[in-house]
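Peer 1: The structure that follows is given in the form of structure tokens.
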Amino acid sequence: MTVTNQARCEQHYEQRYEQWAAPLRGRPGVVRALNIVNHGIVVVFYGAYALLLGWACVSDPWKLAPLVGVTAVAFAAVSFFRRRFNAPRPYECCSIAPLIARDGAGKSFPSRHAFSAFAIAASWFAASAPIAVVLLVAAGALAVCRVLGGVHFPRDVVAGAFIGSATGALAAFLAVLL
């Protein structure tokens, strides 16, 4: 992408982001709610993963191997790729003020929050499809929060969701086989 095209792309995203964020920006309570929901969903996923691993321990400890192993390998691979690719975050390359506070720069693509949430949600198909579906909806809400919050581009969360869903599906499939 040429510098001119990149500048146009950044300007286009700035305009689009401000359209999304403007209704929220003027309402401090809504911005606070966005931050609470963002953090709250992350906490839910910590608990959901712990419960899934607890279920695996009780039902068949061999199920732990794919539920932990596949997810850990994919998490490490995503983290390595993010560090090497080092894509900028929206607030770094566009003139936007994010609604979600975040220290640091780069490592935006793919979103590790989206990856982790979708991986955990899809992994739940090994134990309970209804819980997995509810968690997939929550993972989608987290992805939206990350974009509305200005800490990720839509492509970041879409890539994280795709890789996470594939990771969780593989982990669930292998856990069911055991």
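Backbone N, Cα and C atoms are what each Cβ position is placed from, and that goes for glycine too.
Just so you know, TrEMBL annotations never went through curation; they're auto-generated.
Taken from TrEMBL, the feature transmembrane segment covers 33-56, 62-81, 117-145, 157-177. Summarising the annotation, TrEMBL assigns domain 'Phosphatidic acid phosphatase type 2/haloperoxidase' to 68-172.
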Peer 1: Report, as numbers and ranges, which residues of the same chain sit near the transmembrane segment (62-81): CB under 8 Å and 6 or more residues beyond its ends.
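Peer 2: 52-53, 56, 110, 112, 115-116, 119-120, 123, 126, 160, 163-164, 167-168, 170-175, 178.
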Peer 1: Per DSSP, how many helix, strand and coil residues does the domain 'Phosphatidic acid phosphatase type 2/haloperoxidase' (68-172) have?
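Peer 2: Output for the domain 'Phosphatidic acid phosphatase type 2/haloperoxidase' (68-172) reads 76 helix, 0 strand, 29 coil.
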